[in-house]
Amino acid sequence: MIGGLEHLARRGLFLFDPEAAHGLSITALKTGLVPSCAAPADPRLQQSVAGLAFPNPVGMAAGYDKNAEVPEALLKIGFGFTEIGTVTPRPQPGNDKPRLFRLIEDEAVINRLGFNNEGHGAALARLKACSREALIGVNIGANKDSADRIADYVTGIRTFYAVARYFTANISSPNTPGLRDLQARESLATLLSAVLAAREDEAGKCGRRVPVFLKIAPDLTEEGMDDIAAEVLAQGLDGLIVSNTTLARARLRDRKQASEVGGLSGKPLFEKSTAVLARMRRRVGPDLPIIGVGGVSSAETAAEKIRAGADLVQLYSCMVYEGPSLPGRIVRGLSALCDREKLASIREIRDSRVDYWTGMNV
């Protein structure tokens, strides 16, 4: 539960429009105004995923730290890893404002930001100043007006290869027209082939193989999930991130804001994204790493993602409502779960409810 000081801070931030509040939170992290809420290290929560050693399974999702301004500050407040971006080769302003909306009754957010970011150059300069030990992923995308979107992803791999601990190819944002078309089998095959070829080329140059994940939408058909699973396995991708925001608006209480165009995130996304996670786990088998995202607001929801097939989890929107102590509270809660269930590793619960979530009608 959110503490008294965080409650007051939230009330203050909610006096501002969402984008202004986001900027203030970045400034607070930059200036050290956010106290560390990190939980003690717990070996039962440590995970080896895609060749990387994660100190705990709770990460900051892409979208918060778009321009790599505060990755190390986020790690200090309790996240085991963080993901910057989405970054595009050239700076772009994104869509017209207003483009970010709070659904307070639902503890949700709708955004139609449109990959607003300062471009590769600005993010790269900041990441070069970070510790090489910091577990920072780079989420790469394509410029809205790009003549060759696949080339933009390849450029992202090459530009950030020396500083990224892992990459995420974001082809599932609903806010860049036509981007989700890259999830179609033929387009996906071309994209993954190009991205992985660039990765192998860069790995040969520097002697370090950086994992590549694919972030997918929660609004896929069964056939779409089949195609993605088949292509990911055929091409030898390192993992999936499930899922991005949804276009669905089922069971929302805030009907006024629900009519806004854009992707929905936060608590209402939990069931849908977790069901898609389980269905993808069923399709790809037990070995492919999956990061579960969508509606993670507590230790229990984080654990449920793991039970549904996730190796790691990420969050963002729920921290808007729960405050910066949320990652530390989740990590403490997962340690407590290990105590209660006498687990040697949190991994022991993985896949234990895949069948339940696969059958969930969402």
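Glycine is no exception: its Cβ is also placed from the backbone N, Cα and C atoms.
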Inset, instruction - Please pick, from K66, K76, K205, K267, the residue that Swiss-Prot records in the substrate site together with N111, R112, L113, G114, F115, N170, N175, N244, T245. - result: K66
Inset, instruction - Return the residue out of S36, S243, S345, S352 that Swiss-Prot annotates for the same FMN site as A62, G63, Y64, D65, K66, T86, N139, N170, K215, G266, G295, Y316, S317. - result: S243
Legend entry - Largest separation between Cα atoms (Å) of residues that the record links to substrate, namely K66, N111, R112, L113, G114, F115, N170, N175, N244, T245: 16
Legend entry - Long-range Cβ environment of N139 (FMN binding site), under 8 Å and at least 6 residues apart: A62, E83, I84, G85, T86, V87, F167, T168, N170, K215
Inset, instruction - Just give me the nearest neighbour of K66 (FMN binding site) among the recorded positions R112, G114, S173, N244, Cα to Cα. - result: G114
Inset, instruction - Provide, as an integer number of angstrom, the distance between the C-alpha atoms of Y316 (FMN binding site) and G114 (substrate binding site). - result: 17
